[in-house]
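Student: I am attaching a structure below and will ask some questions about it afterwards.
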Amino acid sequence: KATLAIVACAAMCATLGANIYNPAIQQIQDELHATSQDISLSLSVFIIVQGTTPLIWSAISEVKGRKLVYLASIALFSAACVVGGLSKQIGLLIGMRILQASGASAVLSIGAATLADIFEPRERGTMMGIYYAAPLLGPSLGPLLGGALTQVWSWRATFYFLAAFGVPLWISFALFKDTFREERSLSYQSALRRLALRQLEKTSRQGTSGQQTPMVGHEHEKRPSPLNNVVDIELAAAKVAQSQTSADVRLSLMDVNPFPPLWKILKRKNNLAILFPSGLLFAFAYSISYTCSKTLFVAPYHYNALKVGLVLLSFGIGSMAGSILGGRWSDRMLVRMKAANGGKSYPEMRLESTKLCMFLLPPSVIAYAWMAQKHVHIAGLVVALFFSGFASIWIYASTLAYIVDANNGRSSTAVATNSFFRGTAGFIAAEVAVPLQTAIGDGGLYTVWAGLCVLLDLMILLVIWRGEGWRRAAEAKERR
């Protein structure tokens, strides 16, 4: 439980870092003489970097363990916050936002992998729900904290607050017992095997280097080499690998190259079919929190940053409730279906729990769309935001647990790939949400989003129907 609490709090670095910055934007623009394009870049680059760098962090964690990555990433995050707070040029600030996002992103990928290390599938959904509930507070608490810090001190205080937030986290991870299991990591076993093969090749070269060149006219007789037979190579490498420990493994470019494990995740149809809905859910959450602020800043509401944060808190509370209850319900459904299936389970069973909120999400989004368009009383928006957050994260909690369960041995890479899809989708949402809101209004924008929610529901249903067959076929192909 202590590990869960530490990892969940650390995951807040990413969402707080992204949102605490927003109320200070005008002050930053005035003080650093930045253009609106500079500010837009500082926002969007944070999201795309946060989505892509977990692929590298996860590759390292699958070979050298989780603790090293936690310590390095939190240190990078805190250092970038300090330098960002001292920045006097917008270019340096954007650079520090990139490093900030890089450091904060690690926990989003390997945090779920850490929970997969220590919790069994029957309780994994509940733990994933609790883990993801903490960072969901970021989009709601971020604007509140950012607005208060900026108003009392200055925009620099937001960066110093994040740096101070990272210090106790770093100390906690310094005392943290690594949960990494070498025997479960396919990437670690692959690195170990490559090391063993290199040792065998070196031994083979040393053993044959003293051979004399045969005389002309005599038949060349080859001495048997341990590397002449493929089966011998495999057996010898396995024996050598068994004698190695994690201290013997040295990182190489091959070991930290994220693309081979990424490709193995993307080759599976069931993974692709669930990663797209996951990305859409994140893009929706980012879009609605971003555009809602613009809606509430203008007539007839004229809310300040603090009041906007309080309204968006309803979306955050709904999301937290959906994450915790949705994760718990997915575990209950998994246990129930396993019992009905003669004690045998498979990952796709977990997705059955998403059906409960599939029918709630599109109507909630439509309700928000037209209440925002018609500027109804704020109570209507608060209710619509709550149920939109509740339904979207209820579904997401189960899809995240499924991504971990369906990629045994590659959980960190799978979650990092999920972060990549989320980051890319969030980046696109950041770029197109406001122009679309300006062109077709909240009603048109979120009617489109309601249609996309129907599409993601259908894709999840497709995985429930065909996912098991796709996954087993991919696993059999990989074994061959």
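Glycine is treated like the rest: Cβ placed from N, Cα and C.
Not my notes, these are from TrEMBL:
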| type | residues | note |
| --- | --- | --- |
| DOMAIN | 3-468 | domain 'Major facilitator superfamily (MFS) profile' |
| TRANSMEM | 41-61 | transmembrane segment |
| TRANSMEM | 68-86 | transmembrane segment |
| TRANSMEM | 98-119 | transmembrane segment |
| TRANSMEM | 131-153 | transmembrane segment |
| TRANSMEM | 159-176 | transmembrane segment |
| REGION | 202-224 | region 'Disordered' |
| COMPBIAS | 205-214 | compositional bias 'Polar residues' |
| TRANSMEM | 272-290 | transmembrane segment |
| TRANSMEM | 310-329 | transmembrane segment |
| TRANSMEM | 356-372 | transmembrane segment |
| TRANSMEM | 378-403 | transmembrane segment |
| TRANSMEM | 415-434 | transmembrane segment |
| TRANSMEM | 446-465 | transmembrane segment |
Student: Which one, 68-86, 98-119, 272-290, 310-329, has the most C-beta pairs under 8 Å toward the transmembrane segment (446-465)?
Tutor: 272-290
Student: Given a Cβ distance threshold of under 8 angstroms, which distant residues of the chain, six or more beyond its ends, lie next to the transmembrane segment (378-403)?
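Tutor: Sequence-remote neighbours of the transmembrane segment (378-403) are 112, 124-125, 128-129, 132, 136, 271, 274-275, 277-278, 281-282, 284-285, 288, 292, 301, 311-312, 314-323, 325-327, 329-330, 347-348, 350-351, 353-354, 356-358, 360-361, 364-365, 367-368, 371-372, 414-415, 418, 453, 456-457, 460, 463.
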Student: In the same chain, who gets a Cβ under 8 Å from the transmembrane segment (356-372) while lying at least 6 residues past its ends?
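Tutor: Residues 284, 288, 292, 295, 322, 326, 329, 380-381, 383-385, 387-388, 390-392, 394-395, 442-447, 449-451, 453-454, 457, 460-461 contact the transmembrane segment (356-372) from elsewhere in the chain.
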Student: Sequence gap of 6 or more, Cβ distance under 8 Å, 3 or more pairs: do the transmembrane segment (310-329) and the transmembrane segment (41-61) meet that?
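Tutor: No, since the transmembrane segment (310-329) and the transmembrane segment (41-61) share fewer than 3 Cβ pairs closer than 8 Å, they do not count as touching.
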Student: If contact means at least 3 Cβ pairs within less than 8 Å, sequence distance 6 or more, would you call the transmembrane segment (415-434) and the transmembrane segment (131-153) in contact?
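Tutor: Checked: the transmembrane segment (415-434) vs the transmembrane segment (131-153), no contact.
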